[in-house]
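Here's the structure, in structure tokens; my notes come after.
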């Protein structure tokens, strides 16, 4: 009895401590509201009910709104952010064309030093903080900080309740600058965080320099996981803009053959500047033309022509501006996904030039929350001890009947409020790293397990994502089951019937997210995208970023699957049209066809006249040596994500007619050869094309939701009506 009473005393003490925490929370909350009324808007904690032990579980919205949270209505909110930034960027470039090149460079110098974390934007603070801005590669050189600050303020003013990182704004500004100057636009996925520090020496060691020889450049780009082709493409940023004479036109930095033209003559608008190619205000291929004529300004640029491989890419881009623009856009997407350093302290800065202050109020709030967490343990001890004492001596505590459930709920509501405050301030654009990591981990575990059980499942999940996105966008429509007499989906449409598979893996992944990641609602379309990415990686391909934010359609398109999906009997003209309809280039089409480097196809579909490549007819016999006599492997290494598919095509041994015809046209055949010659080029291009495919939007006017169960739409309840 004495031991139990001691436990009871401890429990009561912990609860008392919690009440002190509640008091601190109340005072802190009110102080924060007085200082910043918008900080905790939409949160009104019932602190009195908490103190009295009453149930006080506060949810910011009802189930429907909460499920949509950051994952629905995203198009409107993203559009607001993109529009706000674009308005500022366009105005800045209209005022000074050179600013476009400066903003592209600012994003590059941010991402190449410890990832895309906005570190370059942090101002020095005398005696206490040294950033990257005055590091030699940046000092009196990088510019455009005021444009980023204006864009940040424009987002704050125009898009209330949306918190976007400064690193995101840098990425958007670079993309919009490229488009404004005549380059090819591309998708920018939001979701970056801002670092609370910067790296002065990292800017020196990690950034390419104008005096770097080819070996040094290749190493620096390789350190960031870029291929040689991507390096040459990104160097094409020098097709716009100027450089400082004091840096560029000096021995060791300048191309000797261009020494005479590098004189910073008075005819230039700014006598301290040297244009980097002969059309510095237009994003074109003239930079590569200049290199082929040995007229590149910088030493680091001209050495690209001194190696057979890099010189080949220079010539490719000089001969075809479209190929350059496409490769540059893909490389910019990849660069924009460079993650912050491991262990970096991250936040969403309120002002891009300084880290957020750690206020006394926020310290008090953290302390209060610690008290509250401790109190939950106290409540548990109190409940267990009380019940044990009652069992031994029912009269000891007669007339005392604590409402444990209400007390636990009330204490827990403080923690819920804090999480909701964080989620509300970040909205869907910053659903914290922890919930996203939880989702990715939950899906990956299911996918890895499924592929371990059956390697073929990896190819099936990649195909399932493709068949979803190519029919009315990435909306999870393919996952909807038919309902006799009332609903016909896509699963039994000819391209999918008895063919598309992996539905049970997606269902398991969805359930795993629900079980593992409470209060995080993720669409089935998102799970398809994650599962495809993880399948590529599991089978040996290059991983890539998957931005969450898709919604699930409430319908499907049986005929759309027939009309929109590429078929094994499609000739090249038909294939090009179908991919063009989805805004894919020829190169991206050939890259995505490389998904056939893994997996199998049904004999009944593939090994028939009109579908099979005639030269491969003898090997397409679904022989008994295959694991499944109904299946035909698509290349000679069907469980490895490699380049063998392209090797087979170049040997006229592609299985499907639609694959082999890729070698019948000079342009597409060139891409086949590129990928056959360099697996890293293929893997990089495939990853970029998958990111682009994963961004295909649902049809205009589609009714969207976040499904609770992937195989059926959510019921329309009386409550939701």
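Cβ coordinates come from backbone N, Cα and C, glycine included.
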> To which of 227, 239, 322 does TrEMBL also attribute binding of Ca(2+) 2 at the site defined by 277, 279, 284?
Replying inline: 239
> 110, 113, 115, 117 bind Ca(2+) 1 in TrEMBL, but which of 132, 146 does that record place at the same site?
Replying inline: 132
> Rounded to an integer, what is the Cα-Cα distance in Å between residue 352 (disulfide bond) and residue 117 (Ca(2+) 1 binding site)?
Replying inline: 11
>> Taking the Cα of residue 238 (heme b binding site) as the centre, which of the recorded positions listed as 105, 113, 115, 208 lie within 10 Å of it?
In response: 105
> What is the separation, in Å, between the Cα atoms of residue 113 (Ca(2+) 1 binding site) and residue 166 (disulfide bond)?
Replying inline: 15
> Between residue 159 (disulfide bond) and residue 117 (Ca(2+) 1 binding site), what C-alpha distance do you get in Å?
Replying inline: 22
> Which one, from the recorded positions 80, 111, 113, 116, 352, has the smallest tally of other C-beta atoms lying within 10 Å of its C-beta?
Replying inline: 80
> Taking the Cβ of residue 109 (active site, proton acceptor) as the centre, how many other Cβ atoms fall within a 10 Å radius?
Replying inline: 23
